[in-house]
Amino acid sequence: MASRAGPRAAGTDGSDFQHRERVAMHYQMSVTLKYEIKKLIYVHLVIWLLLVAKMSVGHLRLLSHDQVAMPYQWEYPYLLSVVPSLLGLLSFPRNNISYLVLSMISMGLFSIAPLIYGSMEMFPAAQQLYRHGKAYRFLFGFSAVSVMYLVLVLAVQVHAWQLYYSKKLLDSWFTSTQEKKRK
């Protein structure tokens with residue numbers, strides 16, 4: 001920016017940024033972690049909706065059992081896994097620590113525990129498929145145990161990352177709370 005009188009006016013050459021305030025690191029981290037958790041929640045909702053669709057088709061007998069198998073037992077309690085995701089979303093607007101803690105605890109109960117049970121429930125069928133090449137449940141021509149193990153592995157990864165980011169977000173919120181109490 002040049003002035004009519006001659007050289008550039010003082011402070012307009014871009015060297016005046018050092019006195020400006022910066023956003024605290026825990027606020028930047030909070031925004032980033034909220035965004036990552038929201039992405040994971042949306043991926044979880046897609047998995048959840050696919051599971052609901054599969055269960056609905058199986059129970060309502062819209063297709064024959066040769067195409068869509070009846071649901072495994074672990075799929076019923078996993079339907080409650082949408083509750084931790086909703087609690088997590090509710091905790092974001094006002095940085096509500098208690099909702100985030102409830103979300104993390106209920107994620108273990110409603111998301112991780114059914115997935116662990118599901119891996120144990122489907123293991124004999126997977127073992128039989130691996131050893132003898134026989135499958136008794138099918139999803140559109142594919143072995144149901146293979147497809148459901150893929151879904152299970154994806155869901156475990158989504159929930160593990162969601163727990164990891166939630167813990168980091170909780171630490172970030174505690175940092176900002178402790179700084180406010182010191183002042």
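Placed from the backbone N, Cα and C atoms, the Cβ positions cover glycine too.
Features as listed in Swiss-Prot:
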{"type": "TOPO_DOM", "residues": "1-39", "note": "topological domain 'Cytoplasmic'"}
{"type": "MOD_RES", "residues": "Ser3", "note": "phosphoserine"}
{"type": "TRANSMEM", "residues": "40-60", "note": "transmembrane segment"}
{"type": "TOPO_DOM", "residues": "61-71", "note": "topological domain 'Lumenal'"}
{"type": "TRANSMEM", "residues": "72-92", "note": "transmembrane segment"}
{"type": "TOPO_DOM", "residues": "93-96", "note": "topological domain 'Cytoplasmic'"}
{"type": "TRANSMEM", "residues": "97-117", "note": "transmembrane segment"}
{"type": "TOPO_DOM", "residues": "118-137", "note": "topological domain 'Lumenal'"}
{"type": "TRANSMEM", "residues": "138-158", "note": "transmembrane segment"}
{"type": "TOPO_DOM", "residues": "159-183", "note": "topological domain 'Cytoplasmic'"}
Distant-in-sequence neighbours of the transmembrane segment (97-117), which means Cβ under 8 A and at least six residues beyond its ends: 73-75, 77-78, 80-81, 83-85, 87-88, 90-91, 152, 155-156, 159, 162-163, 166-167, 169-170, 173-174, 177
Within-chain partners of the topological domain 'Lumenal' (61-71) [C-beta distance under 8 Å, separation at least 6 from its ends]: 54-55, 137-141, 144
Distal contacts, the topological domain 'Lumenal' (118-137) - CB-CB under 8 A, six or more residues away: 69-70, 72-75, 78, 143-146, 148-149, 152
Local confidence of the topological domain 'Lumenal' (61-71) - pLDDT mean: 79
